[in-house]
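Scroll down for the structure; my scribbles are underneath it.
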Amino acid sequence: MDPSRQKHFSVVDYVIFAVLLAASAGIGLYYALSGGRQRTTQEFLLADRSMRCLPVSLSLIASFQSAVAIIGVPAEIYTHGTQYWFMGCAYVLGLLIPAHVFIPVLYRLRLSSAYQYLELRFSKAVRVCGTLTFIFQMVVYMGVCVYTPAFALNAVTGFELWGTVLVTGLVCTLYTTVGGLKAVIWTDVFQTAVMFAGQLAVIVVGVQRAGGVSEVWRKVLEGNRISGLDLNPDPTERHTFWTLGVGGVFLMLSLYGVNQAQVQRYLSSRTERDAVRSCYMVFPSLQLALALSCIMGLVMFAQYCGEDHADKLKSSSRDAMVIYFVMDMLQGLPGLPGLFVACLFSAALSTISSAFNSLATVTMEDLIKPQFPSMSEARATLVSKALASSYGLLCLAMAYLTHLMGDSVLQVALKIFGMVGGPILGVFCLGMFFPCANSTGAVTGLGAGLLMAFWVGIGSIVTRSSKTELLAPSCHFVLESENTTSALQTTFRNITRPSGLRRFYSLSYMWYSGFSCFTVILTGLIISFLTGPMKEEDVTPGTIYPLGEKLLCFLPECVQKKLCCVTQPLSEEERLPPQHKDCNGLSCGHPPSSQEETEGLSSQPCCHNVEQETAV
């Protein structure tokens, strides 16, 4: 029986799915009624800075491993082979650099919003520009995250698509609004376990029905789906080792280095050491998640040999093939379809709730509090909850626009992060690594980076044309030799290679982050030198990472000073930013800390005269 004609959710499936939603809402209610009951912005937005590394690390992966990845990566592997798997190489530097560069700088400044750093380093105008850019990025991305699992549930149950979108958005809004960041992090922990369980169930059943591991391996080899190391340096090639392994580093930095959704988790940690450890612990989890998604795509190919059944689900997207595969493999197995749909919704809920909370934080801390400095703590907390609810409703509207996009959900999501996240990364790099950069250069650089990123991104959409697939949809596609394969692929590329401006528009979407980041840095430095470089004594201590000192340590100190490489260290008195130095009941909301919390940079409130230590 064609699985696309059979809506096969059993009672058990409905129960599993309902338990997921009920458990997520229950965690939110628990934290709304326990502890400080989310009565302060510190508790609601930063979990009282009391989280340990394990839940933070699981929350970090859940925030990134959305339904977009669970659906999009298997579809990518099914269509184009395992080249995307090299993205795992980018995880190394993409997590090491945030752990040793961005986390120490941001954590020691005791911020609530990552974009407070931009005001400390540059000016209020740069902070507002960075905040507005992040809000735009996350609002658009939320639409993709909500729509993806809703489409899956519609396919396997027949539920109305937009009714499903509404349920997802409302449940997520509920526990985010009432439970704050603690609820978000602990629901992420629960939802991460559900994600892995759902993917494993599909893979195990799929391998069994495809004839076993050896049969799956034989078919993917014969179907030419195991990709070799492609060292082609051409940046217009969609996926090569360089686009994934190097371009992907900039994408990871924009996500795990300066994205508020992730930075907020670092800032909620008890100590700096916990924050760094949580970043390290993300690495094996991300590699496991990537491996499961890629294996799922290979099992799909072993089952269907590259055939396209997406039209049977009334969709032209390759992403629909993943849903068809799940329906086909799990039909007749009560509970497993519900587990996989719960897996998708877990991924979506974790990502969306992170977005709601981070958006509420930056809006409150960067846009509202500076305008109303005398706002009471109770009112500030109420406004924060109202903001989280408002962004929840806004994402429902964005979900409607998502289904109008033609690209795969994976490519759409990564384009969004590249086009908007890259310029934000560029501003932070300009501030941390170049003491001479000034506010005018930062604002101009951010504008130039966004302009170039959208120019390339929109140009690629306008000039997009359908391309013939390089990989044949057959499990018996074996050419006589590798040389023949290389020759055919080279011929194909030479024939279809665009020229002129169209070639510029064909830049791989994996380079968007790096391209826009370097545009911001280069433009910012040029404008800074033209308008007068920032003097060393005018730079706020603690906002510069001594990159020049580390890279040029072999030069005399006098030469380093001329190159603006020597910076002032952060003194004990200047460890906190100005808004944390007085205890007026508004900005000093840190809870008293126990003695053991003084490990690393302690969580002591600014009004307590306790010696602070710095983690090694």
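Using the three backbone atoms N, Cα and C, a Cβ is placed for every residue, glycine included.
As given in TrEMBL:
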- 12-33: transmembrane segment (TRANSMEM)
- 53-73: transmembrane segment (TRANSMEM)
- 85-107: transmembrane segment (TRANSMEM)
- 128-149: transmembrane segment (TRANSMEM)
- 161-181: transmembrane segment (TRANSMEM)
- 193-211: transmembrane segment (TRANSMEM)
- 239-258: transmembrane segment (TRANSMEM)
- 279-304: transmembrane segment (TRANSMEM)
- 339-362: transmembrane segment (TRANSMEM)
- 382-401: transmembrane segment (TRANSMEM)
- 441-462: transmembrane segment (TRANSMEM)
- 509-530: transmembrane segment (TRANSMEM)
Taking contact to mean 3 or more CB pairs closer than 8 A (sequence separation of 6 or more), are the transmembrane segment (193-211) and the transmembrane segment (441-462) in contact?
no
Taking 128-149, 279-304, 509-530 as candidates, which has the most Cβ pairs under 8 Å with the transmembrane segment (339-362)?
128-149
What stretch in 128-149, 239-258, 279-304 has the biggest tally of Cβ pairs under 8 Å against the transmembrane segment (85-107)?
239-258
